[in-house]
């Protein structure tokens, strides 16, 4: 397709989406206040006057409440979010000054998939989301908890984040793309995080979620629109990558087909048969006289059929009978006596014993043996002249059955029955021939075997180069014995017809190709289950399940440079520069990169008039010669503070500063909990009210006002019954690739891009997958022949991982 046509189509798509974005399809938005039916909610919310009268506004009171979506609303929300990469949350809010609270939260159990929070104490807006199964937080410094009305709109387009406040673009960031496929059970909360945390105090109006590009236009129609959006661009890139993959696969299949055709054109293999040491070519026929069969070699297999005997047209004075050594019956004269017809060899008892021979009854002079039974038990067998006792063993007399048949006794006679694997040749089963199960296809030999007929049975022989699996199956190689298998070292290898199968040993899980040790209680914080119920913990954690963080600072494992101090982090630590020092940009782990700040050279000192600034390690001093100008006063915010003067900072009522000899010293307000007028905002530790306590995120522990704790990579503080949490401060890094290991909160430098969590993809650095297909950097695919293995190209490196849940289900 010509490039100009593509550009025209792209312009049409963008224009159409822009128009739709301005009009906002009602099917692609959710009015949260309407869906939650706040008009009929009485506990914790009250309808009040809003910024305008076009919609209802509600006051969220400082009481326990549960404002969340009904199941049908949650399901609607899940469907709207599914596979969406463009969405905007907007609302008009008036937040109580200096408070913290969650405006909107979409969560499932403890996982926040979308959460917008405003913190008054830290003066920032926070966006919480999930990426790659891990929580992420974007902290956007802005004071919204000031008691004034604000319009807020947070827009996400793939990895592009926009924050508008009062129709002004406040922040624009690149983030990790959030997970939008919400799991079943997800719930929407308004004005709180869950039942017990994050209560918003103030008024909310016009709460909506828009699932289209440029959703902020609904709130601020005069703002500029973006086309294409980040999501549009990424969709286009993904489409190109998909087409590239499809073309590569089709090329690979075509090359394989051409190779196979070339092999077939050059291949001619005649299949022969070998019987009793003789070699027969394909379609050769021969007579197996011993077994009365006609045999033919067909494609390497012997097919035999019993000879078809011609129909006998015996004369009226003869009967067809079997003659020893012949396959077909012949006509022999019959005998008639007293109306009874006798065939050749049959006997009849008259006054004497006679046998039919050549159409004549010949007298037999054999004497009958004496009987040792009563006369009532005497019986006359068929075609015999001598009586016998009932229960007589007819089979013990002269053999009548051939070697391949067995004699069976009956009341008055004995009959012959063919043994297993044989069939009658002469009709009465006295003469039996072997059944050729191979030729008759009555065998159970599987692939890679040759059926070999044996007297009364058959055998499945492996073709050359194959080994036996069982009585009926063979495999090409002894994969298990030779080590030519792909079973995990913790799997059991079994040879099969197709090659081999792998089964994980007890205590391990997987598909046999990959077997992972199974620990019933799991290994926390990135621990590895190395053997059944045995964890190996990563550095920084300990315990049988790696559940305990090691405080490297408190345990004395770390010795930071004297220009820095040790700060413990979950699973790690870092040396933070002390006051008066800053990092030189190399960010050494031990703090050696902390160097003195020269306040004199930078003119950040407070020395006044004729006093001279003298730089000191970690600070400065003011040296003034004697004279009237050496007052020791301090310049501050464009004014002057006198030597010895004490004051409270205008922007921080909890900090007290003093001027001494030209230098300003600031500290937190000293707290006297015995003073009934103590400021509880600055001295929360003096607040003993039960209502000022905070429940931690697990709902298991209470904290007093002023207490601090760490939870899920966030630093939390309880202030007058309100818990405010913000992301832990992490040290800066100067490396190309970083990774946050499981259980840790801060990134570390890694040299392998496969380990990197945050990576800038260079589309010039492509990868070749196992099938020879070229992949762009950032592309993700499933490994051929391994549906549970996912691979990604990271700047020229192929990085693959195995999904254990998938292995267990396949």
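Every residue, even glycine, has its Cβ placed from backbone N, Cα and C.
Swiss-Prot lists 434, 435, 437, 453, 454, 457 with the feature Ca(2+) binding site, giving similarity to another entry as the kind of evidence. Swiss-Prot lists 57-227 with the feature domain 'Laminin G-like', giving sequence analysis as the kind of evidence. Sequence annotations record features per position, and here Swiss-Prot assigns domain 'VWFC 1' to 271-332 based on sequence analysis. The domain 'EGF-like 1' annotation in Swiss-Prot covers 434-475. Look at Swiss-Prot and you will find 476-516 tagged as domain 'EGF-like 2'. Per Swiss-Prot, the feature domain 'EGF-like 5' maps to 596-631. Among the features that Swiss-Prot reports, domain 'VWFC 2' is placed at 632-687. Annotation source Swiss-Prot lists N-linked glycosylation site at 40, 53, 83, 224, 294, 372, 511, 562, 609, 708. The signal peptide feature in Swiss-Prot is assigned to 1-21; the stated evidence is sequence analysis.
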Determine, using Cα-Cα distances only, which of these glycosylation sites is closest to residue 434 (Ca(2+) binding site): 40, 83, 224, 294, 562. 294
Looking only at the domain 'VWFC 1' (271-332), how are its residues distributed among DSSP helix, strand and coil? 3 helix, 29 strand, 30 coil
Which sequence positions outside the domain 'EGF-like 5' (596-631), separated from its termini by at least 6 residues, show Cβ-Cβ distances below 8 Å to it? 563, 578-582, 640, 642-643, 659, 661-664
Across all the protein chains here, work out how many other Cβ atoms are within 10 Å of the Cβ of residue 454 (Ca(2+) binding site). 12
If you measure residue 40 (N-linked glycosylation site) to residue 454 (Ca(2+) binding site) at Cα, how many Å is it? 89
Using a 10 Å radius around each Cβ and counting other Cβ atoms from all shown chains, which of the recorded positions 294, 372, 453 yields the largest count? 453
Compare the Cα of residue 372 (N-linked glycosylation site) against each of the recorded positions 83, 294, 454, 511, 562 and report the nearest. 454
Within 10 A of the CB of residue 434 (Ca(2+) binding site), the number of other CB atoms across every chain shown is 22
Per DSSP, what is the residue count of the domain 'EGF-like 5' (596-631) in each of helix, strand and coil? 4 helix, 11 strand, 21 coil
Taking the centre of the Cβ atoms of 434, 435, 437, 453, 454, 457 as the Ca(2+) site, the remaining residues of that chain with Cβ inside 8 Å are 421, 436, 438, 455, 456, 458
